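J.: Before I ask anything, here is the structure I am working with.
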Amino acid sequence: SLMISESIWLIYFFFYSFLSFVLTFMFNIFKLFHLNQLFSWFVNSKILKFTLFMNFLSLGGLPPFLGFLPKWLVIQQLTLCNQYFMLTIMMMSTLITLFFYLRICYSAFMMNYFENNWIMKMNMNSINYNMYMIMTFFSIFGLFLISLFYFMF
């Protein structure tokens, strides 16, 4: 995207920085440092597992989520510049990263075990939790909100 336009690259960078921040913020709130913790942490809270799953899919750039918008802009610019080979490489690498995100999320959903070696201290009414849920809302429904504002104005 940097080869095509610097402004598109900045959009790409800011969107993926936001999506990465949402996930790292969630990991920081719940003190998750290993994937094994992820599997055993949200055993009782299906909402948190679902939001984690949706944030990973948004970071992977799946179409109905906010992470798809920068990829969509790059796809449009690459087709306008007739760079189909670069577009194919970009799409294949995106599918590979999406496969790894899906594998992590699938494992987290399917492996429910209660062996906790870590102290679980979840404060669901904290300000950090509310901020995480607001950022998750924008991560999941951001593409719809942007489309809505585009058609309104």
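Glycine is treated like the rest: Cβ placed from N, Cα and C.
Automatic prediction, not curation, is the source of TrEMBL annotations.
The domain 'NADH:quinone oxidoreductase/Mrp antiporter transmembrane' annotation in TrEMBL covers 5-97. According to TrEMBL, the feature transmembrane segment maps to 7-30, 50-72, 84-109, 129-151. The domain 'NADH dehydrogenase subunit 2 C-terminal' annotation in TrEMBL covers 98-150.
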J.: With the transmembrane segment (50-72) as the reference, which stretch in 7-30, 84-109, 129-151 has the largest tally of C-beta pairs below 8 Å?
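T.: Answer is 129-151, with the largest number of Cβ pairs below 8 Å.
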J.: What parts of the chain pack near the transmembrane segment (84-109), using Cβ distances under 8 Å and only residues at least 6 beyond its ends?
T.: 3, 35, 38-39, 42, 49, 52-53, 56-57, 59-62, 71, 74-75, 78
J.: Limited to the domain 'NADH dehydrogenase subunit 2 C-terminal' (98-150), I'd like the whole-number average of pLDDT.
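T.: Mean pLDDT for the domain 'NADH dehydrogenase subunit 2 C-terminal' (98-150): 76.
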